[in-house]
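Okay, so here's the structure we're looking at.
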Amino acid sequence: MGNLMISFLKKDTQSITLEELAKIIKKCKHVVALTGSGTSAESNIPSFRGSSNSIWSKYDPRIYGTIWGFWKYPEKIWEVIRDISSDYEIEINNGHVALSTLESLGYLKSVVTQNVDGLHEASGNTKVISLHGNVFEAVCCTCNKIVKLNKIMLQKTSHFMHQLPPECPCGGIFKPNIILFGEVVSSDLLKEAEEEIAKCDLLLVIGTSSTVSTATNLCHFACKKKKKIVEINISKTYITNKMSDYHVCAKFSELTKVANILKGSSEKNKKIM
């Protein structure tokens, strides 16, 4: 019913430039970013779908990406994670650095992400709500113990990955601490995300098509709370002309321009003072 109601929403989304976005952010005191897979595309992470090189073109999502597949073949999801960690040089990109800069300047207060790659934390953002979990954590299916992982531990040659699925000292098996198809997002995390959005005076929706219900519902929540919404995406999305006030046609990495404008303005103000 909620998505049906959203489909009937109408709003005139205006196209703006990065310079105009900088002016909008400069007037704000509590900015929240909602990010999706588009923010990781420039970090050499393959997309899940939509290309011949996508993850689900190589691995059957019914086996490798669902909770039912995990219970039947628990080693399969670990194979995907191991292969991606070993075969791709994954690093933070300029967009991640830009968000970290916006936080250090006092504008950005939190990041709500659908990504599981941990790149926002790696770039220096201190308050990150990872709705779909974090691939750098493993949770035991028996005792619920959570183990922190790193890039080395996820490599093919690591002790942790030498036998799949990895086993907990209690005898149980580890599952990546991420949301698989068939699982639901934690209600506590959704509540935390809504609380952050309720406090914001600007929501940046970056690199997400907003077709996943989690993102759509959070944007709808912001819309109902009359929050200003700006999309940063290379194309229009599901919420364009429905919920967003502005749309910036840009790659995630191009946010560097916004960060530099605001950083320059901040330094200029310090000199005047």
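A Cβ is built for glycine as well, from the same backbone N, Cα and C atoms used for every other residue.
Positions annotated as active site, proton acceptor by Swiss-Prot, on the basis of sequence analysis: HIS132. The NAD(+) binding site annotation in Swiss-Prot covers 36-56, 114-117, HIS132, 207-209, 233-235, PHE252. According to Swiss-Prot, the feature Zn(2+) binding site maps to CYS140, CYS143, CYS168, CYS170. Residues annotated as domain 'Deacetylase sirtuin-type' in Swiss-Prot: 11-265.
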Report summary line: According to DSSP, CYS140 (Zn(2+) binding site) sits in strand
Query raised in the report: Taking the mean position of the Cβ atoms of CYS140, CYS143, CYS168, CYS170 as the Zn(2+) site, which residues outside that list, in the same chain, have a Cβ no more than 8 Å away, listed in sequence order?
Result: CYS141, THR142, ASN144, LYS145, PRO169, GLY171, GLY172, PHE174
Query raised in the report: For ALA41 (NAD(+) binding site), what is the secondary structure state per DSSP, taken as helix, strand or coil?
Result: helix
Query raised in the report: What is the separation, in Å, between the Cα atoms of CYS143 (Zn(2+) binding site) and HIS132 (active site, proton acceptor)?
Result: 21
Requested in this report: May I ask which of the recorded positions HIS132, CYS140, CYS168, CYS170 is closest to TRP56 (NAD(+) binding site) if we compare their C-alpha atoms?
Outcome: HIS132
Report task. Compare the Cα of CYS140 (Zn(2+) binding site) against each of the recorded positions ALA41, PRO46, HIS132, ILE234 and report the nearest. Result -> HIS132
Query raised in the report: Out of HIS132, CYS168, CYS170, the recorded positions in the record, which is closest to GLY36 (NAD(+) binding site) when you go by Cα distance?
Result: HIS132
Report task. Count the other Cβ atoms sitting within 10 Å of the Cβ of ALA41 (NAD(+) binding site), across every protein chain shown. Result -> 18
Query raised in the report: Using a 10 Å radius around each Cβ and counting other Cβ atoms from all shown chains, which of the binding-site residues GLY36, PRO46 yields the largest count?
Result: GLY36
